[in-house]
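Residues annotated as domain 'UvrD-like helicase ATP-binding' in Swiss-Prot, with sequence analysis given as evidence: 39-495. If you look up Swiss-Prot, you'll see Ala60, Ser61, Ala62, Gly63, Ser64, Gly65, Lys66, Thr67 marked as ATP binding site, on the strength of sequence analysis. Look at Swiss-Prot and you will find 524-810 tagged as domain 'UvrD-like helicase C-terminal'.
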Amino acid sequence: MLFNINEKGEPLVISFAPFLSPEAIKYLQENERCSDQSQKRTAQQIEAIYTSGQNILVSASAGSGKTFVMVERILDKILRGVSIDRLFISTFTVKAATELRERIENKLYSQIAQTTDFQMKVYLTEQLQSLCQADIGTMDAFAQKVVSRYGYSIGISSQFRIMQDKAEQDVLKQEVFSKLFSEFMNQKEAPVFRALVKNFSGNCKDTSAFRELVYTCYSFSQSTENPKIWLQENFLSAAKTYQRLEDIPDHDIELLLLAMQDTANQLRDVTDMEDYGQLTKAGSRSAKYTKHLTIIEKLSDWVRDFKCLYGKAGLDRLIRDVTGLIPSGNDVTVSKVKYPVFKTLHQKLKQFRHLETILMYQKDCFPLLEQLQDFVLAFSEAYLAVKIQESAFEFSDIAHFAIKILEENTDIRQSYQQHYHEVMVDEYQDNNHMQERLLTLLSNGHNRFMVGDIKQSIYRFRQADPQIFNQKFRDYQKKTEQGKVILLKENFRSQSEVLNVSNAVFSHLMDESVGDALYDEQHQLIAGSHAQTVPYLDRRAQLLLYNSDKDDGNAPSDSEGISFSEVTIVAKEIIKLHNDKGVPFEDITLLVSSRTRNDIISHTFNQYGIPIVTDGGQQNYLKSVEVMVMLDTLRTINNPRNDYALVALLRSPMFAFDEDDLARIALQKDNELDKDCLYDKIQRAVIGRGAHPELIHDTLLGKLNIFLKTLKSWRRYAKLGSLYDLIWKIFNDRFYFDFVASQAKAEQAQANLYALALRANQFEKSGYKGLYRFIKMIDKVLETQNDLADVEVAAPKQAVNLMTIHKSKGLQFPYVFILNCDKRFSMTDIHKSFILNRQHGIGIKYLADIKGLLGETTLNSVKVSMETLPYQLNKQELRLATLSEQMRLLYVAMTRAEKKVYFIGKASKSKSQDITDPKKLGKLLSLALREQLLTFQDWLLAIADIFSTEDLYFDVRFIEDSDLTQESVGRLQTPQLLNPDDLKDNRQSETIARALDMLEAVSQLNANYEAAIHLPTVRTPSQLKVTYEPLLEPIGVDIIEKSSRSLSDFTLPHFSKKAKVEASHIGSALHQLMQVLPLSKPINQQTLLDALRGIDSNEEVKTALDLKKIESFFCDTSLGQFFQTYQKHLYREAPFAILKLDPISQEEYVLRGIIDAYFLFDDHIVLVDYKTDKYKQPIELKKRYQQQLELYAEALTQTYKLPVTKRYLVLMGGGKPEIVEV
């Protein structure tokens, strides 16, 4: 019951319906089942929405509508009188929180519109107003609220900021680490500490490996509910526990004995095969059979009588006996088929071998571990102290502060527990122990609602622990008084082709050992509607493998990057989908394991004209060319005597010094000085006092004067202005921001430069001032091998999506391609020198000196790296955890698809053979085989081979090179009658494009001030040509008339003919060829053909180029011969930018363009421009392009301070090349 006040001040009483009883819920489920609604809620969804008064764990499979359930449950709570601000709702991301809030808002609006009860309308309106203040967000956001409000109770100021930039964190960490390292090196136990550092770094001077160890231990501890207690009590847990053979866990010994018995059973099965050959021709037992029977009997006896024969104390003896008994190989061959009978046992023996020796030396490493524990504890405290001093914290710090506040202040904790009616959490499978502790403190013990899917837990690298979900699942199933488990199995996203293949694959792969969940009936996907079950034969899943038998590179299947052939397979399938089925590009998504090494995808797709967008977020910002140029510019301003930065700045497009210029400058040294920096040489070159002043010609001297004048102004400004203003001054002074707009990926490049200015501004606002400190911070980021995220730019909507599997979680796409299925899982962590585990603590590889054991006397020491017992335990658990997460990644990837899923990989067809698995457990592949297979592709092929008699709902196809030719792949169909890119791509058609633009704006140009408003910041020479010549001169009209078509011109297409090559493409190809053509060789057909291979055009365009005409230009014209004679003076395809004044608006703007060719001499310049326009009389083109060449000449004169004495047009659009002097 809720009270509101009406306009007269009288109380309004709202009576809310009570929460539903179990019987009422069953009644509602039955009504829903019998209803005639087109989309019905499932019985489990109804149960999840309306069950109350107890803890609830909802296990929601992919596409089962978990967000719908959460929204409906929240709305039901509100309608039953629970205010939205009394619900705690945790989401995994800020984006998810925003979407959930929007859905609740829409539901409330809908409910307000439907209700006729005035009092209810008022109440729902209040809920709508309270929605923005409700606790709907991430755990990090909530922790910040708690600390901001109650931080005073633990001595933390409410005025803090979050250090979201990893680079800033690493800079502070490095300072703390260096100081602490010096202290430990000078303490009483310094010898032990030095031994610790050497164990990981090899020597005390190189501390990088030891620093990584400390940082990793610190980060790992931060994911626990109490880092200090974990470091004190759990960090050395395994090191203290496992010191003798008797300490080895019973579970590990059971696994060894199980492997022995399995090997005996498997060997017996093999010997019982008909073709095995138990008897010789004489009828006696064969030697092989006798040997195998001995192995079977002894293994069985040793397993049965382990305790009396060996026991834990005699484990090393058992290992020696078994090693001596079984053969060194893994396989037993029967009828040319190899059965890996001994493989698993060999792996187990390797794990236990040398145990006695390891345990003997393991005790020596314990003092080192105690030193490490002390150092990490001291580092944690010192790092936190620095952050408290700066009042800047990481998210994990804030979460721990929040936990401490709630644990130490009973009244604060109880106020939250009494306030929240329910504590709800989404994506529960991705929680870590710190977050779990916080949720426990907020709950009253019986009001938690948790939604997740163990099969989609893929954030172990963020210390998420799927066992939190698993433990709750088991506890609630065993002890129903603790809570209730509700399974949402119906999938409303995917067609049966996707559901069937997902069920088929994971029913053979996933169990609690690998995957952390048994993929049985509880977890299998079920179609949620009849429409999803309608079969489509063409949507059957495909495993497409490039046959690498003829792969010249012989690249291994575990190579990191995807191959060109694999990408071509994808392109072929996409072209087929787009052309034959009309599938829009935006319906197709490519999923990859990581963001790195995917450039070949974009490059190949560009070749085939397939638009593609990536999910961004790559950590390559500081490595982008434009940012590196600017950073070197700033380094030079800070210290001109930094030769590396200075050379980079001189060579950059801002000043464009070439190798010859730099060589001339480098020779201007002072013979009296041993060391001479480049900046000093530049200054001597300018005043003519270098060692070889005759090498500094007037043009170079002019460039040097401009450079020194510009640098001087920048250095002066750096002392007075802000970093932000300095960066923009550099952009404006040298037009670098405009220059990158003419380069590849211009939008991204400009966004990166803009972000550099913003980040510099943010740096100064955070309390750091000055160019020197900014450069120092950037260099420290690079030293720690970190980077900053690229800036995201707006992406086209109609394009294929390329994203990581992690980024795709929660999304859905009609067609999904899972790429690089042959990429090996990253097992880097299990080979490190240390492995951390929440229960066992740290396990390390110990560098032991076994000189005494070997009786060695001549050598000072004999060092061997030993895997200590804690390390081995952690390694095995980590291996299974890694494989489990990879399996869940595959599940997430496959269940993103709505209609069809493709697997793309690479394998050798000739080397592939049938995979056998005699130890498979019913439907499951054996644990040994699943541990052995290390790619998605391996899993799929193993299932296809071993369960070949089943319908697995996917086909395996090998793709040959002959299937990937240009003709086989095909080309995209373009439905437009006219190519919309014609005007854009044709360098000679800018006149028409600009004229059409001006026709639309002609009325506005009549106003005096409109000219300034519409003046572009940047123009091209072609645009200017249009501005000042008659708008519709006869030539322009003639071109437009020729481009139009009448019905009488229309003819039926002749499909046997090839598509006509566009004139614009030929023009572009000609310019490329003229740019790359080597003029040092005689120009003939062979030279032209060789150069033609290096240009970026398709074969049709290359074939359409008239090479004889180009050869004639160089051989038969004086200008062509001039090119070859003075090639050292020639500059080709040179970009430029100059400042111009608009005559109408009197506003300045930047003029930029690309000059085809010019010859730079000591006292003059010769300008050349190629044109491919069709013409009747050369005089037509001379008039048309006269002003454009004048602009080019003006740009060259401004740059070099030299006159342009000759201007030539090379006309290639006629029957033969013609030269026109303008």
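Every residue gets a Cβ built from N, Cα and C, even glycine.
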- Message: Within a 10 Å radius of its Cβ, which of these binding-site residues (Ala60, Ala62) has the fewest neighbouring Cβ atoms?
- Response: Ala62
- Identify, among the binding-site residues Ser61, Ser64, Thr67, the residue whose Cβ has the fewest other Cβ atoms within 10 Å in this structure. Thr67
- Query: Relative to the Cβ position of Gly65 (ATP binding site), how many further Cβ atoms are located within 10 Å?
  - Reply: 22
- Across all the protein chains here, work out how many other Cβ atoms are within 10 Å of the Cβ of Gly63 (ATP binding site). 23
- Note on the structure: Not counting Ala60, Ser61, Ala62, Gly63, Ser64, Gly65, Lys66, Thr67, residues with a CB within 8 A of the CB centroid of the ATP site are Asp453, Leu488, Asn491, Phe492, Arg493
- Please work out the mean pLDDT for the residues of the domain 'UvrD-like helicase ATP-binding' (39-495). 92
- Item | Close in space, distant in sequence - Lys66 (ATP binding site), Cβ under 8 Å, 6 or more apart | Val58, Ala60, Asp426, Val451, Asp453, Leu488
